[in-house]
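Annotated features, as they stand in TrEMBL:
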DOMAIN    12-240  domain 'Peptidase M24'
BINDING   His77, His176  substrate binding site
BINDING   Asp95, Asp106, Glu233  divalent metal cation 1 binding site
BINDING   Asp106, His169, Glu202, Glu233  divalent metal cation 2 binding site
Amino acid sequence: MIIIKSEQEINIMRESGKVTGLILRELENFIKPGISTMDVNEFVEQTILKHHMIPTFKGYCGYPAAACVSVNEEVVHGIPSKKRILKEGDIVSVDVGCTHKGYVSDAARTYAVGEISDEAARLIRVTRESFFEGLKFCKVGYRLSDISHAIQTKAEGEGFSVIRDFVGHGVGKQMHEEPQIPNYGKPGRGPRLAKGMVLAIEPMINQGDYEVEVQLDNWTVVTLDGMLSAHYENTVVITDGEPELLTL
Ligand code: MF3
Ligand code: CO
């Protein structure tokens with residue numbers, strides 16, 4: 001069942017999303033060569049706590065940190081470490097979740113560490129653009145897979161591939177609610193979008209093949225071919241008119 005949120009619930013999610021979005025914006029200046037992925041995590045956790053909110057990820061299914069920090073061929077769920085130092089030319093995806101008055105916001109960005117290659121920059125840009133292609137279908141009357149199809153069309157049209165094993169999701173009192181939102185598929189399938197649905201739409205796009213595997217830490221997802229991967233996510237509200245992005 002897809003849970004429809006009331007205006008009152010969306011107001012709370014808006015406050016939560018504002019903090020998640022703010023953190024991701026501040027990371028643009030924070031991320032630079034020489035810092036560790038744990039430094040990124042500590043910045044995220046301290047900022048969430050400063051706003052009297054709860055880091056949603058910490059303790060979720062045993063996950064040990066406030067943020068997922070995934071470098072280069074790491075796709076998602078990278079566990080922060082003091083030993084993992086970001087270096088010039090890396091790309092790094094940071095995924096943040098924040099709980100406020102019982103409601104979750106969830107968003108992610110991929111950042112350049114110093115100067116990066118043109119191809120890496122193109123991957124980051126296309127991943128972001130594929131989200132906004134999907135967003136065009138986040139309107140009452142479209143079906144869920146119209147979003148999926150638009151994301152896939154953009155990413156594959158640029159020569160990249162779409163991860164199959166991880167998907168977007170509904171979000172609310174739980175981080176992961178129905179529906180699941182694949183970033184690929186035929187259009188015109190699945191439930192019709194309705195006012196008050198809140199969706200975490202999150203393309204995960206690979207430079208090479210879409211196949212991934214989970215590392216021995218049981219969390220970190222990496223590309224099978226070792227090529228780069230990027231992630232871009234926002235928490236989106238379906239309204240009467242244009243979709244509202246809570247985490248921008
Ligand atoms: N934020 C991720 C998602 O978009 C999930 C994070 S997994 C956790 O679904 F364990 F770190 F919480
Ligand atoms: Co998510």
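Placement of Cβ uses the backbone N, Cα and C atoms for every residue, glycine included.
Under 8 Å, Cβ to Cβ, and six or more positions away along its own chain, His77 (substrate binding site) finds Tyr63, Cys68, Ser70, Asp95, Trp219, Thr220, Val221. Counting only residues at least six positions away in the same chain, the Cβ atoms of Thr20, Thr56, Asp95, Val96, Gly97, Val171, Met175, Ala200, Glu202, Glu233, Thr235, Thr247 sit under 8 Å from the Cβ of Asp106 (divalent metal cation 1 binding site). Residue pair His176 (substrate binding site) / His169 (divalent metal cation 2 binding site) shows a Cα separation of 6 Å. For His169 (divalent metal cation 2 binding site), the Cβ neighbour count at a 10 Å cut-off comes to 19, with all displayed protein chains included. Across the domain 'Peptidase M24' (12-240), the prediction's mean pLDDT works out to 98. With a cut-off of under 6 Å between the Cβ and any atom of ligand 2, the binding-site residues Asp95, Asp106, His176, Glu202 reduce to Asp106, Glu202.
Fewest other C-beta atoms within 10 angstroms, among the binding-site residues Asp95, Glu202, Glu233, are seen around Asp95. When other Cβ atoms within 10 Å of the Cβ of His176 (substrate binding site) are tallied across all protein chains shown, the result is 15. Apart from Asp106, His169, Glu202, Glu233, the divalent metal cation 2 site neighbourhood in this chain, defined by C-beta within 8 angstroms of the site C-beta centre, holds Asp95, Ala107, Ala108, Gly168, Val171, Ala200, Ile201, Asn234, Thr235.
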